[in-house]
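Colleague: Dumping the structure here so I can ask a few things about it.
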Amino acid sequence: MEWVYLVYVVPTLWASFLIWKMWDERRERECYILNYQCYKPPKERMLGTEFCGRLIKRTQNLGPSEYRFLLKAIVNSGIGEQTYAPRNIFEGREGSPTLMDGIGEMEEFFNDTIGKLLDNSKVSPSEIDVLVVNISMLASVPSLSSRIINHYKMRHDVKVYNLSGMGCSASLISLDIIKNIFKTHPNTLALLIASESLSPNWYTGSDRSMILANCLFRSGGCAVLLTNKRSLQPQALLKLKCLVRTHHGSRDDAYGCCIQCEDDHGRLGFHLAKSLPKAATRAFVDNLRVISPKILPIRELLKFMFLSLVKTLNKSNSPKSVSSTGATKSPLNFRTGVDHFCLHTGGKAVIDGIGSSLDLTEYDLEPSRMTLHRFGNTSASSLWYVLSYMEAKKRLKRGDTVFMISFGAGFKCNSCLWEVMKDMGNPNVWDDCIDGYPPHSLTNPFMETYGWINEVEDPYTYENIPEFLK
């Protein structure tokens, strides 16, 4: 009996122990969101129609042709009148920003949002083990992450990552860094900071590809508290299921379609090329190709494989299904594996394009459309405003899945899937307006107020321009 015991029972117990240990260690490698806080600037920094008109008026180097282009861009952007801009724009100094304008803009965000997040989460700054900060278009010495550490007096051994130049998709890049740290460092608390500094990046020239950025980007930011601590799992809001990053920087057209540069007169701005939609589509398709098997049920993947095989055998030459926006529709039904879609608010065309590609309903697109209307494109932080809208509307229930998709300069497309750990209902920055969304109409008042510019006959002179625009 002892021989049988040694040969069979002991190895079985040992194998069971190893299996339990592997499962137990994997639990400590999970990535959870404990809490997050979006940033809402003061009301006096809202960009209403009247102020935008004055802002355009004082912008030099613009003529009737540029006014028409701006009018069309603003009206079709999907952005409303309650978005926010930096202080130096309201002070009339957008054409001559200082370094302190950018730093002050970021510190205002840091001091407000990080403080609220830590207080609401009952977490001390000294408990933070990892700090990841992504601000793409502002670099300072000491770094912005050092300013946060100094202000909140964090520990001397906090692991710090300060990202710049990563564009609108930087949130998920930061998340990927934290996820990988969690794999080897158990019982860790991480703080993710995402924003963009607009103060030093207002374009004052007349190049249309660079004027467009002035119409799209708005002030905002978000702080996210993450952990892999098993003891904090009951408090978690979301659990990361998978994350996929796609980078097309090796393609020249993709690399140059979304880039900070100077125009012919040496004025610094952000260039958005006509090749941007094509580059975004390629990156999007490549990203979906990798993440689809990770998030869709087997039955949907088998169905796709069967239909693809039938199509190949029949040697069908039928054209691809193309939507009215020109985007190729995916043959996969993503709603079979995803309950909610959190899309980057890059603009109305971006939301329409993703919606057409994935065959989404207006219900699916509502959070992104409303976020774009209320807060504009807040760059890397925009995904969290969209998530906050879903939460404020009490859409997120335990067991639901949330698919995040973002695009950024480089050119990059990053995506991830979250599992909702508990019913969520915190209104966050939507607390004072969520009941008014969606509004009855998203019609932009700019056309009603400034539509007369389309009646100006000579697009190259100021002869027929009203006095207040001369």
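Cβ coordinates are placed from backbone N, Cα and C, and glycine is handled just like the others.
Annotations per TrEMBL:
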| type | residues | note |
| --- | --- | --- |
| ACT_SITE | Cys168 | active site |
| ACT_SITE | His247 | active site |
| ACT_SITE | His340 | active site |
| ACT_SITE | His344 | active site |
| ACT_SITE | His373 | active site |
| ACT_SITE | Asn377 | active site |
| DOMAIN | 25-310 | domain 'FAE' |
| DOMAIN | 338-419 | domain 'Beta-ketoacyl-[acyl-carrier-protein] synthase III C-terminal' |
Colleague: Taking the Cβ of His340 (active site) as the centre, count every other Cβ atom within 10 Å, in any protein chain shown.
Modeller: 21
Colleague: Using a Cβ-Cβ cut-off under 8 angstroms and a sequence gap of six or more, which residues of the chain neighbour His344 (active site)?
Modeller: Cys168, Ser169, Val350, Ser368, Ser382, Leu383, Ile405, Ser406, Phe407
Colleague: Using all protein chains in view, find how many other C-beta atoms are within 10 Å of the C-beta of Cys168 (active site).
Modeller: 27
Colleague: Select one residue from His247, His373, Asn377: among these active-site residues, choose the one with the most other Cβ atoms within 10 Å of its Cβ.
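Modeller: Per the Cβ count within 10 Å, the most buried is Asn377.
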Colleague: Across the domain 'Beta-ketoacyl-[acyl-carrier-protein] synthase III C-terminal' (338-419), what is the average pLDDT of the model, as a whole number?
Modeller: 95
Colleague: Please report how many Å separate the Cα atom of Asn377 (active site) from that of His340 (active site), as a whole number.
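Modeller: His340 (active site) has its Cα 20 Å from the Cα of Asn377 (active site).
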Colleague: Using DSSP, what's the helix, strand and coil tally for the domain 'Beta-ketoacyl-[acyl-carrier-protein] synthase III C-terminal' (338-419)?
Modeller: 38 helix, 21 strand, 23 coil
Colleague: Whole-number Å only: compute the distance from the Cα of His247 (active site) to the Cα of His373 (active site).
Modeller: 29
Colleague: For His373 (active site) and His340 (active site), what Cα-Cα distance in Å is obtained after rounding to a whole number?
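Modeller: Cα of His373 (active site) to Cα of His340 (active site) measures 19 Å after rounding.
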